[in-house]
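Have a look at the structure below before the remarks.
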């Protein structure tokens, strides 16, 4: 039995060391994103929520490890995590827009100062001995679950923008690997508070990797102004043919004017004494008599009409 215990302790220590190494890679995986933020001096669509929550989780796990004996490997990695997350958040506060800085500062004060202080106070005052460890352990489990769920906001952004720019594959990969290692560590240490939340971490990590594979080759959605091509009428693109000669016995004033029949000389044309423009009730109206004993051409009619005022009302009587 003692040999089995020693073997379990050895495996737990081995997985604890591996967990420290993998978790360090998880903490460092956002470095390309923050290097881009530093180079562009802007956070663009980057969000600080996952890093504020991760900092809060590291603080709680350090508190838990200090209360429970034999958890030194939890202290080391979470201490390093606190330093790295603090640097990330500081860079965000430097380069983020004012509204994002204010929101991040509120989250830091509310979560990392207010909630952590309340948890520490309740744990130390209202509980004692092993109960204190259990109360803090369940608090750590709930926060760990929220840490694993925090990337959901980034996943939603990936789906909306069809871009994996702010969800690096390395982060998702090391998240899955870290969940597997720490689950094994918790199992060998018989620490349910360490093993249980990493099951959900494994599931969320796989979901992020699947999302990355689905959108890695997609073009980011951008605001595109659609300009419809306005097509001219077909006849506007065609060359206007030369005016064809009017058929014999017809006269034309243009392409859009119907020709006027001219009677043959042999036939006696009907005599129209006058086309009367009568002044009926309006004194502005005038009377014009047009002799049409000879065929009327369009040019003659246009000349007669040109002599009228533009606002003259015309009533034609036959």
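Note that Cβ sites are derived from N, Cα and C of the backbone, with glycine treated the same way.
Feature annotations, reproduced from TrEMBL:
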- 12-38: transmembrane segment (TRANSMEM)
- 50-67: transmembrane segment (TRANSMEM)
- 73-96: transmembrane segment (TRANSMEM)
- 108-127: transmembrane segment (TRANSMEM)
- 133-154: transmembrane segment (TRANSMEM)
- 166-188: transmembrane segment (TRANSMEM)
- 194-215: transmembrane segment (TRANSMEM)
Segment-segment contact (the transmembrane segment (50-67); the transmembrane segment (194-215)) at 3 or more Cβ pairs under 8 Å: no
The transmembrane segment (133-154) touching the transmembrane segment (194-215) per 3+ Cβ pairs under 8 Å rule: yes
Residues from the same chain, set at least six apart from the ends of the transmembrane segment (166-188), whose C-beta lies under 8 A from its own: 8-9, 11-12, 15-16, 18-19, 22-23, 25-26, 29-30, 32-33, 44-47, 73, 148, 151, 154-155, 157-158, 194-196, 198-199, 201-202, 204-206, 208-209, 211-212, 216
Contact between the transmembrane segment (108-127) and the transmembrane segment (133-154) (3 or more Cβ pairs under 8 Å, separation 6+): yes
Beyond the flanks of the transmembrane segment (12-38) by at least 6 residues, Cβ under 8 Å: 44, 46, 51, 73, 76-77, 80-81, 84-85, 88, 91-92, 95, 166, 168, 170-171, 174-175, 177-178, 181-182, 184-185, 188-189
